[in-house]
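Chemist: Sharing a structure, written as structure tokens. Questions coming.
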Amino acid sequence: MALNPLEQFKVYTIIELPKLFGYDINFTNSSLFMMISVILMVLFLLLGIRKGAVIPGYLQAAVEYVYDFVVSIIESNTGSKGLEHIPLIFTVFIFILSCNLVGVLPYSFTVTSHVIVTFALSMVVFTYITIVGFKERGVEFLRILLPKGTPSWLAPIIIIIKLFAYLVRPISLSIRLAANMIAGHTIIKVIAGFVINMNIFFTPAPFLFIIALIGFEVFVAVLQAYIFTILTCVYLSDAVK
């Protein structure tokens, strides 16, 4: 990996399975680390809420903080109407966060570095919001394509532009998340490879610099989960307001 920083993003088969309708459904390293991320996510939540103490311990306090954090994002962008959608938004946030943080660990695989994964997440969010929009507002949901006060002669152009902008939302969401995770991990690998090749790994400055980069990557992992969630809430506000 030190020689090729992009090698860490390669998907390889762990268990080969029979094809399903002509499609490969092999169990890959991506599948493995996605399962690990989900298991860690579920354990974190279950262990945090199993006692439900009035005076919470550290783990329960952490779970409550994450939950309250997501609720505050929803309320600030959608108001009280968006609170009924907490299950989806909280699940998306904690899943992305878990995948991102697992990807920082040595010899792991960053699931969210692949557009196919982030695009699948984005399409779930996009489809859900579109369904909610028509369910809550009916045909009036289409008003998001034409801002109030738009001159009639300009309306056709604006509608086309707004429709295009709406349809590319899942693409922009998925590429933003994947690109940032790829960039961060690649930089760490490049610098770490340089330090190892120069045989200066155990000298203080380069070692501390790599530690700082890893700390920064943890920050980016949390930040990207936050950005994905807040954009989801912004898009949801169009459907419920």
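Don't overthink the numbers, they just go from 1 along the chain as shown.
The backbone N, Cα and C atoms fix where each Cβ goes, glycine too.
So Swiss-Prot lists the following for this protein:
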TRANSMEM  29-49  transmembrane segment
TRANSMEM  54-74  transmembrane segment
TRANSMEM  86-106  transmembrane segment
TRANSMEM  114-134  transmembrane segment
TRANSMEM  153-173  transmembrane segment
TRANSMEM  177-197  transmembrane segment
TRANSMEM  200-220  transmembrane segment
TRANSMEM  221-241  transmembrane segment
Chemist: In the same chain, who gets a Cβ under 8 Å from the transmembrane segment (86-106) while lying at least 6 residues past its ends?
Modeler: 33-34, 36-38, 40-41, 44-45, 66-67, 70-71, 73-74, 112-113, 121, 124-125, 128, 177, 181, 185, 214, 217-218, 220-222, 224-226, 228-229, 232-233, 236
Chemist: For the transmembrane segment (54-74), could you work out the same-chain residues 6 or more beyond its ends whose Cβ comes under 8 Å from its Cβ atoms?
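Modeler: For the transmembrane segment (54-74), the list is 44-45, 47-48, 82-83, 85-86, 89-90, 93-94, 226, 229-230, 233, 236.
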Chemist: Which range wins on Cβ pairs under 8 Å with the transmembrane segment (114-134): 29-49, 177-197, 221-241?
Modeler: 221-241
Chemist: Can you tell me which parts of the same chain pack against the transmembrane segment (221-241), counting only residues 6+ beyond its ends and a CB-CB cutoff under 8 A?
Modeler: 70, 73-74, 76-79, 81-82, 85, 89, 92-93, 96-97, 100-101, 103-104, 112, 121, 125-126, 129-130, 132-133, 136-137, 141, 144, 169, 173, 176-177, 180-181, 184
